[in-house]
Amino acid sequence: MPRHAPASIEFRSVTKRYGTVTAVDDVSFTIEPGTLVTLLGPSGCGKTTTLRLIAGLEIASAGEILIGGRDVTTQAAADRNVSMVFQSYALFPHMSVLDNVAYGPKVQGLGRARAHALALEKLELVGLSGLGNRSPSELSGGQQQRVAVARALVLEPEVLLFDEPLSNLDAKLRRRVRDDIRDLQQRLNLTVAYVTHDQEEALAVSDRIIVMSNARIAQSGTPRELYEEPASVFVADFIGNANLLPGDLLREEGDRAVIQVGALTIDLPRRGASRGPVTVAVRPDAIRLHGTQPSSPAIQAQVAKAAYLGGHVEYTVGSALGELFAVDRTDRTPMPVGAPVWISFADRDVTVVPR
Amino acid sequence: MAPAAKAWLVAAWAGYVLAPWYLADPLSALGSGGGLWLGLTRAPWLLPVGLALVAATWPLARGLDRTRAARWLVAAGMGGLAVLWLQGFAVGLSGWGLGLASLLGAPGPAQGGMGLGAAMTATSLLMLFCAGLAGLGWCRGDAFVTSSIGLVVALVGLFVLFPVLTILGSAAGTPGGGASPALFVSRLADPSIWGLGCLAGNGTCGVAWNTLFLAILVGLGTTLLGLAFALIATRTAFRYKKALRLLSLLPIITPPFVIGLALILLFGRSGAVSALLFDVFGVPRSRWIYGLPGILIAQLLAFTPIAFLVLIGVVQGISPSLEEASQTLRARGWVTFATITFPLLRPGLANAFLLGFVESMADFGNPLVLGGNYEVLSTKIFFAIVGASQDQGRAAVLATILLAFTLGAFWVQHAWLGKRSYTTVTGKGDSGLAPPLPRRVAWLCYATAIPWALFTFAVYAIILVGSFVKAMGRDYTPTFEHYLTGFRIEQTPQGLFFSGSAWNSLFVTLKVAVLSAPFTAAIGLLTAYLLTRQTFAGRRAFEFGTMVSFAVPGTVVGISYILAFNVPPVEITGTGLILIICFVFRNMPVAVRSGIASLSQIDKSLDEASHTLGARSFTTVWRVIVPLLRPALVAALVYSFVRAMTAVSAVIFLVSAEYNMATTYIVGRVEAGEFGLAIAYSTALVAVMLVGILLIQLLVGERRLGRRTALAAAPAPALASS
Amino acid sequence: MNATFAQRLMPALGALTLAAAGLLPMAAQAQGSLVLYCGVNEDWCRAASTAFERETGIKVAMTRKSSGEILAQVKAESSNPRADVWWGGTGDPHLQAAEEGLTTDYKSPKVGELQDWAVRPWEQTKGRTVGIYSGALGFGYNAKVLKSRGIPEPKCWADLLDPKFKDEVQVADPNSSGTAYTLLATVVQLMGEDKGFEYMKALHKNVNQYTKSGSAPAKAVSLGETAVGITFMHDMISVAVDNPDVKTVAPCEGTGYEIGSMSIVKGARNLDSAKRWYDWALTPAAQEFGAKTKNFQVPSNKAAPTPPEAPKLAEIKLIPYDFAKYGSSDERRRLLAKWDREVKPLSK
């Protein structure tokens, strides 16, 4: 098996229609070689279709798809040097674990012995040596997942795709498998496209994230860019549960702006906004709650819900600006429901959202 | 151009230049030779075919790019096939066809039936056409898929739709040979077809209602019985499972007429049971068996195994974790069964019902023997063709009604199944074990299946006894005479000589059955794969097309095959080939149905995983789908093998002196009143088919799906299942 | 397409082609062969064709079917005929085939040796079909069954109308069976059309089942499923020789009969062989195969001995059956439609 260098993935105005429904609408992006890029979005946003377009399981209705600089738009899945880990793992139930992993090399025409050697190597890589003769149904969920990864890796593809790989695992396992995948990707220097609807998962593993909404790209960037500078209300809300508050841009001062939010006046990077009403995204961590009225201006509110979560306390508070979601990491004693509170904002994690 | 397309191009040229274009027929005026040679010398109408081949070769010669080459292939393939087809009809056996004679002067040139060369060229042109479509990005650019669709469409079109349309066209035909729409309407509106006298309490109902009523009863009955057997076989610890499964399968391997005959010998006015009831209880002897009850019982006996074969695969395929999930949600056993298991069986139930329904409609032997005065369409059609009135137009009208009923059933089935998902075999290994049947359901199954099994046993006991006594019902002296007449083997100096009168037909039948079964299974499952896994325009019409041959009664198929294939361009009557083709396309729907039922349970991501691992559609089908389809494969093989051994009505017109089938021989014996020999031969056939089924089972093997099949299979590796 | 697909498909296609090629016809029209469609019982067909093969060296490819099936097949094959000779079976389909031009005329030197009734259809159709045997219509009963029910043994057509025979008479449906059509035509000729239909209506009340096949009632009588069956007498005799309870009756009022016929198919590929069969089949020696295989029809060659079991035509009151009229398609269609309309729907 020739060792393939990781390849880039490029979409040029790709559209996929099913009858009258448009699943992917004029999407363009580039995934650099050797990076892990997540396609993130709510269900039905087109992220899985995008992944399947990369795999060749769907053929684009319009536009071009390039892998490693080669046009593969009309190429069938079998002709692309791409492997995929399925949400359901899609392990062949009638084959042993070893046969599952050796399937790829076998159908590529490698001999049985060579295929098995490759498969054993990958099984070892995912830490499943010795389980080759089991049938998939005799393995735990996590083990099955790793078989699926080994099977996808065995052809050493230019591009590796993951479709919601963690959705069938329990919470504890998720974290470990997530780290394993990231580790593997970096160790083997793979190009990975990764579909998930879980923003935390996306933030944790990705080099870059492409957020999709309604068949289009809402924003793409590094996890930090998305978190700190959401390009839209949708992204701000979807990543990090931002509180979206109505504000009024009073003055533009170069690339800064002075904005009135309720009783507060804040100074933020302008991000292209102009005078008039704006939306301000405030992360739950950026909301400071005060049990007594502070000397500086503050928004008055009332505790509606409080949940003790060990390391921090989560609050839902009612205010004139609407319901706000806040996290308090300083004081572990929850305030009683109904207590009056005053709100101010931290310096970070407050941003103007472009309209 | 892809290597396979190049190979087809070579085959096309070989067929055109090298292979003999026509059948070897001394009546052919043109003699033998390749298409090109004949075209240049005596048959100029063959030259345009060569032009199409040149066009197909053009992109190769000029080194055109993928898309442009594909366009050339599509154009050349389509043009070539059209020319081939047109010239076949334009130049007939005795001069111009298609009405050209009046235009160009009679009689004009003549040609015989297409031979090896023409067949090769036509096939290759079709494949080039499909390769071209794939090159244009059809079906995700998968040439295997486009070729398969092209092949199945072409075969179904040629061997199902073409003959059926030929005969249905005569529905408006007058006895003189003309056509009259008014005659068609009056034939269709005949009160003997649609009358409702039986509802009003006087007279009889129309034959259409009779048929429909019977078919619905049979569909429901076979589905329920089949389900009971399937549940007992897979979900209980019943001790006599093996025997039950064997017994439930016997009827399917029983030649027609025999069940009917046995029922008469048991329940007829002079039957064994009737005599017993009369002697012991004084129940007056009556003729109740003749009519609806008799046909119903015989058809239930005959078609329950089909429902069983369809359902057992589906029952086994249901993922135990779904049922386990339900149980953890505090659903009691029978609630789980009613809310989870049963709904998941819907595709199986729908398919089983559809098969029972259609089988009942097309069945001809049982109504013939047991019908009494209860008329059904299939016998009506038969006698409209061969009876004293010889009215082919009326037969065509009746056949149209039959076809319409089947179409209706097909539509209802689709509406009932809807767009729900029935996937239960996923790529996630499941480790659950199927729960045993809830007790209530189990007892219900036992209560249904066991009496039925005993009844079947009685019927077969009669058959077995009948083959060893002089004259069933009159003279019970034991004898081997019947077997000796049919199956005598003599030791002669030249070796064994099969002097029994049945050997010839038995050998022919076996040969035809063995040859047709794999083709039936292959084309049927391939069609099922295309229907469930691929999306393409006209898929629903395609699906219906594959069902048509099943819905058309055998007699109509037989006559239509003669009308369509006795003359060039496709002239195959009187050969063994026509028998095989007839069986393949008649039995294909069963393979399609059981394939669809099984495929709808297999998660599509298994295919996709295989694709992303570099496997093409063909490899995927071969290495992933087929192993998971083993139950459907067994069902398809067994069914087509058995049906080829036992079918009567379709082949009655297709058999020739050289290719005489076992069943026509048996029917001949029944007609001549030699019931003993008929029953003996049937018993021998049953034995032969049992061996055949065991061999199929052995060849195909078991499907492994985690622990559950291992469990289900270990205690009961019985016939034709799992 | 990739190599794997092609590699796998090619052998499969090769196998298909080979298998198919093996089944293609190897020109069954070689010199000295004959394709025979046989309309009598299998044994008789086989015995006759084997004897002919032995005598002439001509290879006979024989297929047995009922006469209705043969007519349907000959009709369907008419644009490219497969058969050479259609031998045996009741005369009406032969007459119909002659009428439709499906068969061809031939004047055999043996025609002169035949009984008058056998020559009549030949003259009528201008040589297209000739009689080879004849059989009278009659009925049979199961003496055991009648005795157990205390019903007197019937002798005449009229006896069958006795209410005691309610649900005890079986006869075929004239739409499907030539035998039953012969019954219809016989009573119409015997009693006149109006009276004849009155008879059929009265008989309808006693009929338990209209079978599809003409000879089925004979088997039902033998099994005891019905007391009386109306068939050709030779069909009844065939079961009677094995079952002494079955008695055959020649109705006292007189009865109609069939002429089992033979025709050469128009466009026959082996015309010479066909003519040899035709001549041979009219010889006394050839006609004896009927009786040898337990088929007790009356042979048409004057010199052929009538089997002792056969009903003696001379002792039966035969009506002057008008084959020209009642064998024509139009008259048949008219009578059948009338029967369908006036008799079949009646309640019992």
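From the backbone N, Cα and C atoms, a Cβ is placed for every residue, glycine too.
Just so you know, TrEMBL annotations never went through curation; they're auto-generated.
From a predicted model like this one, the values you see are computed outputs, not experimental measurements.
Some features that TrEMBL has for this protein:
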type	residues	note
TRANSMEM	B:73-96	transmembrane segment
TRANSMEM	B:116-139	transmembrane segment
TRANSMEM	B:151-172	transmembrane segment
DOMAIN	B:208-413	domain 'ABC transmembrane type-1'
TRANSMEM	B:212-234	transmembrane segment
TRANSMEM	B:246-268	transmembrane segment
TRANSMEM	B:288-314	transmembrane segment
TRANSMEM	B:334-358	transmembrane segment
TRANSMEM	B:395-412	transmembrane segment
TRANSMEM	B:506-532	transmembrane segment
DOMAIN	B:506-696	domain 'ABC transmembrane type-1'
TRANSMEM	B:570-588	transmembrane segment
TRANSMEM	B:632-655	transmembrane segment
TRANSMEM	B:675-700	transmembrane segment
Surrounding residues of the transmembrane segment (B:506-532) on its own chain - C-beta under 8 Å, 6+ positions past either end: 145, 148-149, 152, 155, 539, 542-543, 546, 576, 579-580, 583-584, 587-596, 598-600, 621, 625-626, 629, 632-633, 636-637, 639-642, 644-645, 658-663, 684-685, 688, 692, 696
Proximity of the transmembrane segment (B:212-234) to the transmembrane segment (B:570-588), 3+ C-beta pairs under 8 angstroms: no
Interface present between the transmembrane segment (B:632-655) and the transmembrane segment (B:570-588) (three or more C-beta pairs under 8 A): yes
Same-chain residues near the transmembrane segment (B:288-314), Cβ under 8 Å, at least 6 residues beyond its ends: 210, 214, 217-218, 221-223, 225-227, 229-230, 233-234, 248-252, 254, 256, 259-260, 263-264, 267-268, 271, 345, 347-349, 351-353, 355-356, 359-360, 363, 366-367, 369-374, 376, 452, 455-456, 459, 590, 593-594, 597-598, 601, 631-632, 634-635, 638-639, 720-722
Distal contacts, the transmembrane segment (B:675-700) - CB-CB under 8 A, six or more residues away: 249-250, 253-255, 257-258, 261, 463-464, 466-472, 481-483, 485-487, 502, 506, 509-510, 513-514, 517, 630, 633-634, 637-638, 641-642, 645-646, 662, 665-666, 669, 719-720
Top Cβ-contact partner of the transmembrane segment (B:116-139) among B:73-96, B:151-172, B:246-268, B:334-358, B:632-655 (pairs under 8 Å): B:73-96
Beyond the flanks of the transmembrane segment (B:73-96) by 6 or more, those residues with Cβ under 8 Å of it: 1, 5, 43, 45-46, 48-49, 51-53, 55-56, 58-59, 103-104, 106-112, 114, 118, 121-122, 125-133, 135-136, 567-570
